[in-house]
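Going by TrEMBL, these are the annotated features:
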ACT_SITE  TYR49  active site, proton donor
BINDING   HIS111  substrate binding site
DOMAIN    21-295  domain 'NADP-dependent oxidoreductase'
SITE      LYS78  site 'Lowers pKa of active site Tyr'
Amino acid sequence: MEKTFNLSNGAQIPCVGLGCGAIKEDEIEDTLRTALKSGYRLFDCALLYGNEAWIGTAFEKIFSEGEYSREDVFITTKLPMIGNHPDRVEYFLKKSLENLKTSFVDLYLIHFPVGFQYENEDNYFPKKDGIIQLDFSHTDLVSLWKAMEQQVIAGRTKAIGISNFNVKQISQILKCRIPPANLQIEVHAYFQQKELRDFCKNNGIVVEAYAPLGSPGRREAFKPNGVPQVLADPIVTAIAQRYSKSPAQILLRFLVDEKVVVLPKSVSPVRLHENIELFDFEMTAEDHAQLNSLDRGEKGRSFDYLKIFQGLEKHPENPMPIMEFVEE
(Lines of atoms letter the chains of each structure in order from A and count residues from 1; the text may use other names and numbers.)
(Lines give C-alpha, C1' and ligand atoms only; values in the text may rest on other atoms or scores of the structure.)
Protein backbone atom coordinates (compact mmCIF):
# COMPACT_ATOMS: atom_id res chain seq x y z
CA MET A 1 0.00 0.00 0.00
CA GLU A 2 1.54 3.30 -1.11
CA LYS A 3 1.74 5.89 1.65
CA THR A 4 2.26 8.91 -0.62
CA PHE A 5 0.61 10.27 -3.76
CA ASN A 6 2.37 12.10 -6.59
CA LEU A 7 1.66 15.79 -7.10
CA SER A 8 1.86 17.35 -10.55
CA ASN A 9 5.03 19.27 -9.57
CA GLY A 10 6.85 15.96 -9.01
CA ALA A 11 6.69 16.07 -5.22
CA GLN A 12 5.07 13.40 -3.09
CA ILE A 13 2.35 14.16 -0.55
CA PRO A 14 1.69 11.77 2.35
CA CYS A 15 -1.74 10.17 2.10
CA VAL A 16 -2.49 10.80 5.80
CA GLY A 17 -1.94 14.19 7.41
CA LEU A 18 -2.82 16.04 10.57
CA GLY A 19 -5.40 18.80 10.39
CA CYS A 20 -3.98 21.48 12.68
CA GLY A 21 -6.97 23.82 12.83
CA ALA A 22 -8.26 22.86 16.26
CA ILE A 23 -4.96 22.57 18.17
CA LYS A 24 -4.60 25.03 21.06
CA GLU A 25 -1.37 26.72 22.13
CA ASP A 26 -0.80 24.54 25.19
CA GLU A 27 -1.41 21.38 23.12
CA ILE A 28 0.70 22.09 20.06
CA GLU A 29 4.18 20.91 21.00
CA ASP A 30 3.00 17.65 22.55
CA THR A 31 0.62 17.03 19.65
CA LEU A 32 3.31 17.58 17.02
CA ARG A 33 5.78 15.37 18.88
CA THR A 34 3.21 12.59 19.21
CA ALA A 35 2.22 12.96 15.56
CA LEU A 36 5.81 12.77 14.32
CA LYS A 37 6.51 9.74 16.49
CA SER A 38 3.35 8.06 15.17
CA GLY A 39 4.47 8.61 11.58
CA TYR A 40 2.73 11.81 10.46
CA ARG A 41 4.70 13.92 7.99
CA LEU A 42 1.92 16.05 6.47
CA PHE A 43 0.70 18.99 8.56
CA ASP A 44 -2.23 21.05 7.29
CA CYS A 45 -2.21 24.65 8.55
CA ALA A 46 -3.92 27.94 7.68
CA LEU A 47 -3.28 31.55 8.63
CA LEU A 48 -6.86 32.07 9.76
CA TYR A 49 -6.66 29.14 12.22
CA GLY A 50 -4.69 31.53 14.41
CA ASN A 51 -2.11 28.99 15.57
CA GLU A 52 0.57 29.13 12.87
CA ALA A 53 3.07 30.98 15.06
CA TRP A 54 2.74 28.40 17.84
CA ILE A 55 3.20 25.60 15.30
CA GLY A 56 6.30 27.35 13.93
CA THR A 57 7.80 27.74 17.40
CA ALA A 58 7.14 24.08 18.22
CA PHE A 59 8.65 22.83 14.97
CA GLU A 60 11.70 25.08 15.42
CA LYS A 61 12.30 23.54 18.84
CA ILE A 62 11.73 19.98 17.61
CA PHE A 63 13.99 20.42 14.57
CA SER A 64 16.76 21.90 16.73
CA GLU A 65 16.94 18.62 18.65
CA GLY A 66 18.10 16.79 15.52
CA GLU A 67 15.78 13.79 15.27
CA TYR A 68 13.58 15.49 12.66
CA SER A 69 14.28 18.27 10.16
CA ARG A 70 12.25 20.63 7.99
CA GLU A 71 12.90 18.35 5.03
CA ASP A 72 11.13 15.49 6.83
CA VAL A 73 7.76 17.24 6.90
CA PHE A 74 5.26 18.46 4.31
CA ILE A 75 3.68 21.72 5.42
CA THR A 76 0.54 23.13 3.84
CA THR A 77 -0.94 26.52 4.62
CA LYS A 78 -3.63 28.68 3.08
CA LEU A 79 -4.39 32.18 1.87
CA PRO A 80 -7.03 33.77 4.12
CA MET A 81 -10.20 35.02 2.46
CA ILE A 82 -9.23 38.66 3.08
CA GLY A 83 -6.18 37.90 0.91
CA ASN A 84 -8.20 36.96 -2.19
CA HIS A 85 -6.68 39.75 -4.25
CA PRO A 86 -3.57 39.56 -6.48
CA ASP A 87 -1.92 42.38 -4.55
CA ARG A 88 -2.22 40.62 -1.20
CA VAL A 89 -1.13 37.03 -1.94
CA GLU A 90 2.61 37.62 -1.47
CA TYR A 91 2.09 39.53 1.76
CA PHE A 92 -0.03 36.86 3.40
CA LEU A 93 2.24 33.99 2.32
CA LYS A 94 5.24 35.84 3.74
CA LYS A 95 3.27 36.32 6.95
CA SER A 96 2.64 32.57 7.13
CA LEU A 97 6.30 31.80 6.45
CA GLU A 98 7.31 34.13 9.27
CA ASN A 99 4.81 32.46 11.60
CA LEU A 100 5.91 28.95 10.65
CA LYS A 101 9.61 29.88 10.83
CA THR A 102 10.36 28.41 7.43
CA SER A 103 11.59 29.84 4.13
CA PHE A 104 9.02 27.87 2.13
CA VAL A 105 5.90 25.75 2.41
CA ASP A 106 5.33 22.59 0.42
CA LEU A 107 1.81 23.56 -0.63
CA TYR A 108 -0.08 26.87 -0.58
CA LEU A 109 -3.83 26.87 -1.11
CA ILE A 110 -6.49 29.46 -1.82
CA HIS A 111 -8.67 28.69 1.20
CA PHE A 112 -11.99 29.69 -0.38
CA PRO A 113 -12.96 31.04 -3.83
CA VAL A 114 -14.93 33.92 -2.30
CA GLY A 115 -12.98 36.71 -0.65
CA PHE A 116 -13.92 38.76 2.39
CA GLN A 117 -13.76 42.54 2.53
CA TYR A 118 -10.31 43.73 3.60
CA GLU A 119 -10.26 45.98 6.66
CA ASN A 120 -6.82 45.20 8.06
CA GLU A 121 -4.31 42.37 7.98
CA ASP A 122 -5.42 40.85 11.29
CA ASN A 123 -9.20 40.85 10.87
CA TYR A 124 -9.76 37.58 9.02
CA PHE A 125 -13.53 37.64 9.49
CA PRO A 126 -14.69 41.26 8.98
CA LYS A 127 -18.26 41.66 10.19
CA LYS A 128 -21.02 44.23 10.10
CA ASP A 129 -23.97 43.69 12.43
CA GLY A 130 -22.60 40.21 13.13
CA ILE A 131 -22.52 39.22 9.44
CA ILE A 132 -19.25 38.39 7.65
CA GLN A 133 -18.73 40.88 4.83
CA LEU A 134 -18.10 39.17 1.49
CA ASP A 135 -16.00 40.95 -1.13
CA PHE A 136 -17.92 41.55 -4.35
CA SER A 137 -15.34 43.99 -5.76
CA HIS A 138 -12.73 41.43 -6.82
CA THR A 139 -13.98 38.13 -8.17
CA ASP A 140 -11.35 37.32 -10.82
CA LEU A 141 -9.92 33.91 -9.93
CA VAL A 142 -7.50 33.90 -12.88
CA SER A 143 -5.63 37.01 -11.74
CA LEU A 144 -5.63 35.66 -8.19
CA TRP A 145 -4.15 32.40 -9.45
CA LYS A 146 -1.44 34.21 -11.40
CA ALA A 147 -0.37 35.83 -8.13
CA MET A 148 -0.23 32.33 -6.61
CA GLU A 149 2.00 31.20 -9.50
CA GLN A 150 4.44 33.98 -8.67
CA GLN A 151 4.92 32.45 -5.22
CA VAL A 152 6.15 29.22 -6.81
CA ILE A 153 8.48 31.15 -9.09
CA ALA A 154 9.82 33.07 -6.07
CA GLY A 155 10.45 29.82 -4.18
CA ARG A 156 8.09 30.57 -1.30
CA THR A 157 6.01 27.48 -2.01
CA LYS A 158 6.77 24.32 -3.94
CA ALA A 159 3.21 23.72 -5.10
CA ILE A 160 -0.06 25.63 -5.24
CA GLY A 161 -3.63 24.49 -5.00
CA ILE A 162 -7.17 25.37 -4.06
CA SER A 163 -9.79 24.57 -1.47
CA ASN A 164 -13.59 24.51 -1.69
CA PHE A 165 -13.57 25.17 -5.47
CA ASN A 166 -16.08 23.58 -7.84
CA VAL A 167 -15.53 22.25 -11.38
CA LYS A 168 -16.37 25.57 -13.05
CA GLN A 169 -13.92 27.45 -10.87
CA ILE A 170 -11.12 24.91 -11.33
CA SER A 171 -11.67 25.04 -15.09
CA GLN A 172 -10.97 28.78 -15.08
CA ILE A 173 -7.41 28.27 -13.88
CA LEU A 174 -6.50 24.98 -15.57
CA LYS A 175 -5.05 26.76 -18.60
CA CYS A 176 -2.79 28.98 -16.52
CA ARG A 177 1.00 28.54 -16.45
CA ILE A 178 1.02 26.33 -13.35
CA PRO A 179 -2.01 24.06 -12.92
CA PRO A 180 -3.37 23.40 -9.42
CA ALA A 181 -1.64 20.45 -7.80
CA ASN A 182 -4.24 19.90 -5.12
CA LEU A 183 -7.89 20.44 -4.21
CA GLN A 184 -8.88 20.30 -0.56
CA ILE A 185 -12.59 19.70 0.00
CA GLU A 186 -14.99 18.00 2.36
CA VAL A 187 -15.06 14.28 1.54
CA HIS A 188 -16.30 11.39 3.65
CA ALA A 189 -18.45 8.28 3.18
CA TYR A 190 -21.71 10.26 3.44
CA PHE A 191 -20.47 13.02 1.09
CA GLN A 192 -18.17 11.50 -1.51
CA GLN A 193 -18.12 14.21 -4.23
CA LYS A 194 -17.39 11.58 -6.90
CA GLU A 195 -18.00 13.84 -9.91
CA LEU A 196 -15.64 16.52 -8.60
CA ARG A 197 -13.04 13.93 -7.65
CA ASP A 198 -13.23 12.32 -11.10
CA PHE A 199 -12.72 15.73 -12.69
CA CYS A 200 -9.63 16.25 -10.55
CA LYS A 201 -8.27 12.81 -11.37
CA ASN A 202 -8.66 13.49 -15.09
CA ASN A 203 -6.75 16.75 -14.69
CA GLY A 204 -3.89 15.51 -12.51
CA ILE A 205 -5.13 17.16 -9.31
CA VAL A 206 -4.71 15.27 -6.02
CA VAL A 207 -7.76 15.55 -3.75
CA GLU A 208 -7.44 16.07 -0.01
CA ALA A 209 -10.31 15.46 2.40
CA TYR A 210 -10.98 17.68 5.34
CA ALA A 211 -13.70 16.30 7.64
CA PRO A 212 -12.89 12.73 6.48
CA LEU A 213 -14.87 11.43 9.46
CA GLY A 214 -17.84 13.69 8.80
CA SER A 215 -16.76 16.40 11.27
CA PRO A 216 -19.10 15.33 14.10
CA GLY A 217 -18.85 18.62 16.00
CA ARG A 218 -19.51 20.68 12.88
CA ARG A 219 -22.55 18.63 11.94
CA GLU A 220 -24.14 19.16 15.36
CA ALA A 221 -23.45 22.88 15.18
CA PHE A 222 -24.85 23.53 11.73
CA LYS A 223 -27.24 20.66 11.03
CA PRO A 224 -28.80 19.60 14.34
CA ASN A 225 -31.60 17.85 12.45
CA GLY A 226 -29.35 16.46 9.74
CA VAL A 227 -28.09 13.00 8.93
CA PRO A 228 -26.69 10.74 11.67
CA GLN A 229 -22.99 10.35 12.40
CA VAL A 230 -21.14 8.38 9.75
CA LEU A 231 -18.90 6.95 12.49
CA ALA A 232 -21.95 5.19 13.91
CA ASP A 233 -23.31 3.90 10.61
CA PRO A 234 -24.15 0.16 10.91
CA ILE A 235 -22.26 -0.70 7.73
CA VAL A 236 -19.15 1.10 8.97
CA THR A 237 -19.28 -0.46 12.43
CA ALA A 238 -19.86 -3.94 10.98
CA ILE A 239 -16.83 -3.67 8.70
CA ALA A 240 -14.78 -2.29 11.59
CA GLN A 241 -15.73 -5.23 13.78
CA ARG A 242 -14.82 -7.67 11.03
CA TYR A 243 -11.26 -6.32 10.81
CA SER A 244 -10.89 -5.50 14.53
CA LYS A 245 -10.45 -1.85 13.58
CA SER A 246 -12.16 1.33 14.70
CA PRO A 247 -14.88 2.93 12.54
CA ALA A 248 -12.51 5.88 12.02
CA GLN A 249 -9.82 3.59 10.62
CA ILE A 250 -12.31 2.05 8.19
CA LEU A 251 -13.51 5.45 6.96
CA LEU A 252 -9.98 6.79 6.56
CA ARG A 253 -8.65 3.69 4.80
CA PHE A 254 -11.66 3.77 2.45
CA LEU A 255 -10.72 7.26 1.29
CA VAL A 256 -7.01 6.47 0.99
CA ASP A 257 -7.94 3.48 -1.18
CA GLU A 258 -9.91 5.96 -3.30
CA LYS A 259 -6.67 7.97 -3.74
CA VAL A 260 -7.82 10.76 -1.43
CA VAL A 261 -5.43 12.32 1.10
CA VAL A 262 -7.10 12.36 4.53
CA LEU A 263 -6.66 15.07 7.17
CA PRO A 264 -8.19 13.88 10.44
CA LYS A 265 -8.00 16.25 13.42
CA SER A 266 -7.13 15.11 16.93
CA VAL A 267 -4.95 16.00 19.90
CA SER A 268 -5.56 12.67 21.65
CA PRO A 269 -2.40 10.50 21.55
CA VAL A 270 -4.54 7.38 21.19
CA ARG A 271 -6.53 8.77 18.26
CA LEU A 272 -3.46 10.31 16.63
CA HIS A 273 -1.85 6.88 16.54
CA GLU A 274 -5.06 5.12 15.52
CA ASN A 275 -5.78 7.50 12.63
CA ILE A 276 -2.50 6.72 10.89
CA GLU A 277 -2.48 2.96 11.55
CA LEU A 278 -4.28 2.23 8.29
CA PHE A 279 -1.92 0.01 6.37
CA ASP A 280 -1.95 -3.37 8.10
CA PHE A 281 -5.23 -4.59 6.62
CA GLU A 282 -6.96 -4.72 3.23
CA MET A 283 -10.67 -4.30 2.65
CA THR A 284 -12.47 -6.37 0.02
CA ALA A 285 -14.24 -5.11 -3.09
CA GLU A 286 -17.52 -5.89 -1.33
CA ASP A 287 -16.52 -3.71 1.63
CA HIS A 288 -15.76 -0.87 -0.76
CA ALA A 289 -19.07 -1.34 -2.57
CA GLN A 290 -20.91 -1.09 0.73
CA LEU A 291 -19.02 2.05 1.74
CA ASN A 292 -19.60 3.59 -1.69
CA SER A 293 -23.32 3.00 -1.23
CA LEU A 294 -23.38 5.28 1.83
CA ASP A 295 -23.01 8.45 -0.27
CA ARG A 296 -25.90 10.85 0.43
CA GLY A 297 -24.84 13.57 -1.96
CA GLU A 298 -25.50 17.13 -0.82
CA LYS A 299 -27.61 15.87 2.07
CA GLY A 300 -24.46 14.40 3.59
CA ARG A 301 -22.51 17.67 3.57
CA SER A 302 -21.31 18.89 6.99
CA PHE A 303 -19.96 22.31 5.98
CA ASP A 304 -22.92 24.21 4.55
CA TYR A 305 -21.26 27.49 3.65
CA LEU A 306 -24.57 28.99 2.55
CA LYS A 307 -25.56 28.91 6.21
CA ILE A 308 -22.16 29.98 7.50
CA PHE A 309 -21.65 32.96 5.14
CA GLN A 310 -24.85 34.96 4.74
CA GLY A 311 -25.38 36.22 1.20
CA LEU A 312 -22.97 33.71 -0.35
CA GLU A 313 -25.60 32.57 -2.84
CA LYS A 314 -25.47 36.06 -4.42
CA HIS A 315 -21.71 36.01 -4.99
CA PRO A 316 -20.54 35.20 -8.55
CA GLU A 317 -17.94 32.76 -7.20
CA ASN A 318 -20.20 30.96 -4.72
CA PRO A 319 -18.94 27.35 -4.89
CA MET A 320 -22.08 25.83 -3.39
CA PRO A 321 -25.02 24.42 -5.36
CA ILE A 322 -27.84 26.97 -5.23
CA MET A 323 -30.40 24.16 -5.31
CA GLU A 324 -29.58 23.37 -1.68
CA PHE A 325 -30.11 26.99 -0.71
CA VAL A 326 -33.50 27.00 -2.43
CA GLU A 327 -34.54 23.80 -0.64
CA GLU A 328 -33.60 25.24 2.72
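Cβ from N, Cα, C; glycine included.
Taking the features listed in TrEMBL, we show where each one sits on the structure.
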residue	record	CB count, 10 Å
TYR49	active site, proton donor	20
LYS78	site 'Lowers pKa of active site Tyr'	26
HIS111	substrate binding site	22
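LYS78 (site 'Lowers pKa of active site Tyr') sits 10 Å from TYR49 (active site, proton donor), taking the Cα positions as reference. Recorded residues HIS111 (substrate binding site) and the residue listed as 'active site, proton donor' have their alpha carbons 11 Å apart, per Cα-Cα distance. Under the DSSP three-state reduction, TYR49 (active site, proton donor) is assigned to helix.
Across the residues of the domain 'NADP-dependent oxidoreductase' (21-295), the predicted structure has a mean pLDDT of 94.
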